[in-house]
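Colleague: Below are the structure tokens for one structure; questions will follow.
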């Protein structure tokens, strides 16, 4: 690049006098200026809409401010934080969230990878199959939540109707403590299995064919091939997908809101849902902010993990 | 890999007698695999088909026990109810659909206008701590909406953006911006920087080189990115339900969710509204199917 440059810079001078004023001084300046001019509006919007609100929440988390009561906010130090960390209610929500995240993401990973593996072994109709399997993922959580609520209805829901015709008993899916959480996991699994499937499929189709051919020449067993070729090569990408889903599942709010509204009792209240209740039904803005900041910390840790793996994947 | 091949070789002779048996087993397994795949496909698609079916069923068939799968009365009344109010004129739902179009459209335009130049600058220039900046940008997208919405709510109340379309447009643009930058950076990286260098040697400024030579090559990428941003804004629910309340501002997701508020729920109407709401998303998703992996991972994973 460096050699032809001096030759070429005098080129426009001779041939294209109509070209805009000499680059020389202004070019280097404009490169930096251009970068700043192009990047700063985007960063400003993010600062205003993401960073500033979080800083405000951070400030509020040290006060007893309430959005409805109004009035000045009193500084309470770490009071909100200690109250939340010591609260048995919060512990219970954390457990519910943990069960939900592990259950849903685990199921999705197993199912999604299985489907991807089965599709990758087909030679015909791959495109069509993939497209069909992807439909649930593209739907809004509102649509998904509403529709499953209808299907899981104890009286006229189609799921119970099918169970009935199979001679099985009726299940009160959304109105019993244990089944409600299971229903939530099932619905989330239904919606997001395609996500894992899509990423796993991308990984599976990227495995070089010659590895399998070499292995089959050596008469390696199917399981051996899967264990030593497929899994190691797909694993890094799969891990990215799993972490991504874990973050999303941890933040989950809309599906709970639509499907069970946290009930029955508090059996399906996730941390997100609890924050909402504290903030918008209890109007303890200060406490809710501290609660939210703690959630953000967890998300930041998970995101760092995710970005680190992503970085590793990109460098390979 | 050398190790695994060695192991494979040593495993070979032991199974010398198996090949014919395995081939027969292979066909049986193949049938089994197709069957399993078919079952899974039915399970995954059944709720969608059931939703479409419910949307065209007569009300008494919607609530039939046991459920009617085939012999039901077909009606388009539910779809009419989605758009036309019972007393004639526009229904609240159709207004919310229109709001959704405006909010999703405007926020996508804003995110694209801000995001594409930023992505180009990140791709082309040596920006200080570039990697950190990019990772910071992506991490803002992972903040729990329920947490962000609390200060946003207070902020909007201060400046009078509560219950306005502009408020929603701004937050959705900020929500889609990280995605737009990451996704577009991938597309810009694919366009050789030499094009711009060559143009600049011909006397164009950097900006002109970008506008005349790189930008036209980015159009398909911009379109795909915008479609994803459109889908994300269209489907978004949490900000919409907390930041808007009146019928003439509310977008479709909270409006549809509002249908189940009463004591009796018109599930046929819910199904029809859901179908109308989901149809454009499915069409758009089909258009960008080549970029789905990058799209759903927010531009982080590319193949």
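Backbone N, Cα and C define each Cβ position, glycine as well.
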Colleague: Pick from A:8-33, A:34-59: which stretch is listed in TrEMBL under transmembrane segment?
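Modeller: Feature transmembrane segment in TrEMBL: residues A:34-59.
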Colleague: Transmembrane segment per TrEMBL sits at which of A:98-119, A:164-185?
Modeller: A:98-119
Colleague: Can you see whether the transmembrane segment (A:34-59) and the transmembrane segment (A:288-307) are touching - at least 3 CB pairs under 8 angstroms, only pairs 6 or more apart in sequence?
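Modeller: Answer yes, regions in contact.
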Colleague: Quickly jot the same-chain residues contacting the transmembrane segment (A:98-119) by Cβ under 8 Å, restricted to those at least six beyond its ends, or write none.
Modeller: 126, 129-130, 133, 181, 184-185, 188-189, 192-201, 204, 230, 234, 238, 241-242, 245-246, 249-250, 252, 268, 270
Colleague: Hey, which bits of the same chain come close to the transmembrane segment (A:131-151), Cβ under 8 Å, at least six residues off its ends?
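Modeller: Sequence-remote neighbours of the transmembrane segment (A:131-151) are 115, 119, 157-159, 174, 183, 187, 190-195, 197-198, 254-255, 257-259.
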Colleague: Within the same chain, where does the transmembrane segment (A:288-307) have neighbours whose Cβ lies under 8 angstroms from its own Cβ atoms, ignoring anything closer than 6 residues to its ends? I mean 6 or more beyond.
Modeller: 54, 57-58, 60-62, 65, 80-81, 83-85, 90, 240, 243-244, 246-247, 250-251, 271-272, 274-275, 278-279, 282
